[in-house]
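Per TrEMBL, these features apply:
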- A:12-31: transmembrane segment (TRANSMEM)
- A:99-304: domain 'ABC transmembrane type-1' (DOMAIN)
- A:103-126: transmembrane segment (TRANSMEM)
- A:138-161: transmembrane segment (TRANSMEM)
- A:181-204: transmembrane segment (TRANSMEM)
- A:240-265: transmembrane segment (TRANSMEM)
- A:285-311: transmembrane segment (TRANSMEM)
Amino acid sequence: MSLRRFILKRILSIIPILFGVSLITFALVHLTPGDPIDQMVGVNPHVTASDEAQLRDRYGLNRPLWEQYGVWMGNVLTGDFGQVYSNGRDVSAVIMMRLPETIALGIFGWVFGLAIAIPTGIYAAVKKGQLADDASRFIALSGISIPNFWLGLMLILIGAVTLSLWPVLPPSRQPLYHPYMLWYLVLPGITIGTAAAASIMRVMRTSMAEELNKEYVTAARAKGLPEQTVILKHVLRNSLISVVTLAATLTASIVAGSVVVEVVFNWPGLGRELINAINGREINLIMAITLFTGVFIIIANLIADILYAVLDPRIRYD
Amino acid sequence: MVRNTKQSRSEIKRRRVLQGIGAAGAISIAGCLGDSDGDAPFDIQLEVNSDNDDRVQMVELIASSLEESGYFNTEIEDYEWNDYVARVMDPAYAEDGFVPCIGLSGTFNPESFCQALHHSENHGQCCNLNGINDSELDDMLDDARYGVDVVEDPDLRRERYDEIWEYLAEERYSSITHFDLDAAVMNTDVHGFSMFPFSESIFSYGLFSPQDEQVMWMDEDAHPDDTDLSDLQEGGTLRIGAAENPDSFDPPYSTDTTSTMAQVFGFEQLLTSDRDGNLYPWLAESYELVETQDIDRLAYEDYMDEVDVDEDGLPDTDEQIIIQHPEDDPADGSVRVLTPAEAADAVDDGVFGMQFRYEIREGVEFHNGEELTAEHVVATVERYENSDLSAQTFDSLLHAREVDEYTVDLYAQVPDAEAERELPGLYIHSLEQADLEGNDLDPREGNDPIGTGPYVFEEISDEQYVEYSRNENYWVTELGVEQIDWFDGPSEFPDGPVIDEIEVEIVPDNSTRSAALQSDEIDITYGLTTDDLDGYDESNDYVVRSIEAGGYEYIQYPANVEPWDDDRLRRAVNLLVPRESIVENVLNGWARPAWTDIPELAEENGTVDAAALEDRIRPYNEYDPERAEELLEEVIEDHDLD
């Protein structure tokens, strides 16, 4: 199988996955009790049962589920995610407004995670069994164990309130591409990247340590190559294969983590919108955000698979 | 209006409830709850929404107190908010015998602390959850508000409410546990601020309210304790930390606190109110009650149209229904209703309950340059027709009529002691925006709100901020506050708000908002946890202002279900509700136990003598296990329980 065929095959396999994602998203949202009309009406004593029925009729919420799914899916395929019930705005417009914020945060978290994880992992592998290795294990365990919201609040408390190095609230009057945003994003980036960094660090260390025991390393050293060249040029490249896959799958945890982090850091992204949507039972918005997240993760995995194939030629010939 | 539950949603620490439970019997919580051994004579299932931690803790305290008495097997069921509302609003809920707990928000109107809970017409909606159906009480509630006698004699009205409170103390269909304190926290740059009892108006009220000689200014150099009006400084920016995104800027189409808070910087009404609920002419220069007629709603019978009802038993019409014939039964397929056109006919023929006349102030300019006239008032009333607020608007209002350019009459349906306050309770629209479809009066729909108010809308970035700037042509500034005839404040009092810019930062997370206050990114905020309030209160760098607001919590007994139909059982449970402990342990003292059913803000119209009322009612509501035991033994004996 050529690389091109491999990629094509992987892309085609996305279609049934996406279909499954859409079905599960739709089912989960519709099987939970309560709908946006309940939310809109709330405990307003002045809304009558017929007003409610009228509203349900207007939004098609009284039709059979499979029919609602068909209509929704049909609309989604044409790029129409419906409206936000409470204010009549287009769901796709809301998502387009929030998506860049979340992507910026996600990329920053991801970059931060890798920037910490890879050097630390390498160092731990080289110093295997020594204090540095134990320390890195301790850090990794902490990173995985500490809940995002707590870490975020602590960073705000220390970095913003006590040291006054950062503002608590995002500089919302600046555009996203303003250089100051880079500085602001450090704290949320650390918060979001920590858990991912911890896992990557461990995998980096393990696969590095494994590679270091291989014969070609001994051969390279025997040739008299400087240790730095051996590690950074030969060993690192081979041990990165598993890290790449992991890093891509960790996109999921970064996306999920961003929900909490966006609330704590008051970041106006998709995660905060999702929380609002859930509280308001905004079915269309919940489904669209969930679907987007799903697609995002699938694409990240696809990229990982392709990179894997590029890095390790054995993969595509199976 | 039901209290917004989102406030205490996120990160309240479980801390003090442990202390609280310790006070009320830790063993029952740890051992018995939800696992009742069933040997006590009475079963009670308390219900609560799980997303409000304070409320859940309160119900836990009540349950443990009941368990401790030895007479009750208690269970607590919690539900997600939407499910909970759907559950308790279902008319059939009243037959299930559960005891729900919910919070409401009352007003200056004493009715909001008794009618909503107990009038039979509120069964199946907000908030007679357990179907209290007591015709004697219904009549008492109606007679305290409607009728020429109570309109003309406020003392008679107060006496009638006193009778209601006493009647309720005997019958005890519900137990109001406490009245909330609303608190705002600010840094020491904020000067001259005092609270208004309703959170939707705290900031607009604080910025400029001559009726209470209230004006807010910013001053970084002095501590607010050391300044008074003579130190007032012009200019500056007030940064408010708000807990939610404003969903709407359209006055008749929004009901949540944050939206109203954002609207009222720019919109005004014919009258305004001071902190105690007294009314003052505002956009109206003066007003008077022209005539009261002794009629009831049946007087409109001849003007009503017959309309078919739909499958839900509701009139099938696009017109605003002002009155539905009280004797018609939808089961017959049609009902008679009064719509705006016929209401006008009735007024033409002199059929109305009350007529109020408002002389509108000349020279009041809207943000778009229009001058306020009677036409604006009439157009505003029309925009409230069939809006989200139409039911409360036309609860009392019959018709609005332009008399001349600066005179407008508002008519009430029947003699109504609340009409004076209720009728002019509309945010006056500009003609430019009076014809907009519902929800379209919104900057996000391309229509920046236009009112007559002291601040002009500038910009919103959803989920991030809303900005206002001072109205340079504000009518009070043009007129001079001294020219307002009821104003008797000091000469230093300014002719309008002095703060130039208002920035509302939207920060839903309580901890983040609190941190933003500490890092000086906002000047003032509200809705913080009671733990945080204690910390700020002790600090010299921050000021906490609080006021007893209209919010209250109550549990309601299923009086239609045995053995709850026995008032002694209800009174006994009420005697076991640990009000003091709830306030101390759940709310850290940031509330007041409800020794009577009426809070301070409604006392003016709701009781002849609040202290005397409390003396009489308090013994019914104080924690008293011995008296409860006596009552319970009587019930057990009469009902042959073991």
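Going from the start of the chain as shown, residues are counted 1 onward.
Yeah, the Cβs are placed from backbone N, Cα and C, and that goes for glycine too.
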**Report entry** Positions on the same chain near the transmembrane segment (A:138-161), where near means CB under 8 A and six or more residues out
**Finding:** 120, 167-168, 187-188, 190-192, 194-195, 197-199, 201-202, 257, 260-261, 263-265
Query raised in the report: Per the definition of 3+ C-beta pairs under 8 A with sequence separation of 6 or more, do the transmembrane segment (A:103-126) and the transmembrane segment (A:285-311) touch?
Result: no
**Report entry** Close approaches to the transmembrane segment (A:181-204) from elsewhere in its chain (Cβ under 8 angstroms; 6 or more beyond its ends)
**Finding:** 104-106, 108-114, 116-118, 120-122, 124-125, 136-137, 139-144, 146, 148, 151-152, 155-156, 159-160, 166-167, 170-171, 174-175, 239, 242-243, 246-247, 250, 253-254, 257-258, 261-262, 264-265, 267
Query raised in the report: Other than its close neighbours in sequence, what residues sit by the transmembrane segment (A:12-31), given a CB gap under 8 Å and a spacing of at least six beyond its ends?
Result: 65, 68-69, 72-73, 76, 283, 286-287, 290-291, 294-295, 298, 302
Report summary line: Same-chain residues at least 6 beyond the ends of the transmembrane segment (A:285-311) with a Cβ under 8 Å from one of its Cβ atoms are 3, 6-7, 10-11, 14, 17-18, 21-22, 25-26, 28-29, 72, 76, 81-82, 84, 91-92, 94-95, 99, 237, 240-241, 244-245, 247-249, 251-252, 255, 270, 273-274, 277-278
